[in-house]
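Asker: What follows is a structure written as structure tokens; I'll ask about it next.
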Amino acid sequence: MAKEKYDRSKPHVNIGTIGHVDHGKTTLTAAITTVLARRLPSAVNTPKDYASIDAAPEERERGITINTAHVEYETEKRHYAHIDAPGHADYVKNMITGAAQMDGAILVVASTDGPMPQTREHILLSRQVGVKHLIVFMNKVDLVDDEELLELVEMEIRDLLSEYDFPGDDIPVIQGSALKALEGDSKYEDIIMDLMNTVDEYIPEPERDTDKPLLLPVEDVFSITGRGTVASGRIDRGVVRVNDEVEIVGLKEESQKAVVTGVEMFRKQLDEGIAGDNVGVLLRGIQRDEIERGQVLAAPGSIKPHTKFKGEVYILTKEEGGRHTPFFNNYRPQFYFRTTDVTGSIELPAGTEMVMPGDNVTIDVELIHPIAVEKGTTFSIREGGRTVGSGIVTEIEA
């Protein structure tokens, strides 16, 4: 059966839900798809229930979301790919790969709790990975009788956003109940429509880097019998077309060339994938074990694998979930680039004996495996599964 072509008539925007565990991110995602299906029925707008978004079996048993669920829906103005980013601290790694795919995000805060530790962590992560536009959805307002309490929670959220260099005073805050909307209460359905209008207006259409050379961080790899190997991920910049030659860069000293024989998005064939699209790219002549998560597909010659660079980093404070103690020269954490962790050692500037939580510092890094990096590439510093710093590459050294 021939696959139907993907419709590009509406601008495409990547958004997602972030926030503390059990504050209602997945319920809100379900409510958005369900209310849009009721109010703006279309081929794209189909209701998704909580269980289908929270799909993997081990997730539901623990009542927490581990994987990153992708759903699609549309408003009158736009087509959205929506990521339900996991809330639990153990799954921050997935949050980082998920948040890296958002043009904007809806921060879900339960009005009954107010901001919690992971609310803070997700705001920080959003700032780190370059999610510039946040909208707040204060959930569960039906459970709070006191108007003053709601005002207090809103002020607290705005202060927290400002603390992390978001425009806390200007960010839209929508108060509603995802569960009530999901259950069909028209007052709360109206609020979901209001939320989507706000997303349409407040999250700008992203400036896509379509004129730059292709860069596609590989998130997943699988093989299709008889057709070859597929690498999937979100195109960071540039365009990928059928018959293009691409280079597989990173984790190995030598880059490898391949030819693209197919591009698809949401299981539909495309002539080309452009920056911002989540695509699967079929590669001719590449074995399943010759490409892996953490590598990138790039325009030939546009980016090289490196092991040594200078970076400007911010080390998180204990309150932000970072280290409680300083680190010294030759500290060896993991460096998280795009979709993967690589161990590296840190050399401190001459005269700097140690780095305290909360410090900014320029460091020299040497990775144990080469990674496709360039000036301006961002990374997180992690140890034992938690983020302890964030940084940006300022200079390539080798």
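Here the Cβ of each residue, glycine as well, is placed from N, Cα and C on the backbone.
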Asker: Match it up for me: which of 48-52, 63-67, 388-392 does Swiss-Prot list as region 'G2'?
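Answerer: That would be 63-67, per the region 'G2' entry in Swiss-Prot.
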Asker: Quick one: sort out which of 3-10, 19-26, 115-122 is the region 'G1' according to Swiss-Prot.
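Answerer: In Swiss-Prot, the region 'G1' feature sits at 19-26.
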Asker: Match it up for me: which of 56-59, 84-87, 288-291 does Swiss-Prot list as region 'G3'?
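Answerer: Going through 56-59, 84-87, 288-291 one by one, Swiss-Prot gives region 'G3' for 84-87.
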Asker: Average the per-residue pLDDT over the region 'G3' (84-87) and send me the rounded value.
Answerer: 60
Asker: Which number gives the other C-beta atoms within 10 angstroms of the C-beta of Gly19 (GTP binding site), all protein chains shown included?
Answerer: 27
Asker: Could you say whether, by DSSP, Thr26 (Mg(2+) binding site) belongs to a helix, a strand or a coil region?
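Answerer: Assignment for Thr26 (Mg(2+) binding site) reads helix.
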Asker: May I ask for the distance between Val141 (GTP binding site) and Thr26 (Mg(2+) binding site), taken between their Cα atoms and rounded to an integer number of Å?
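Answerer: For Val141 (GTP binding site) versus Thr26 (Mg(2+) binding site), the Cα atoms are 17 Å apart.
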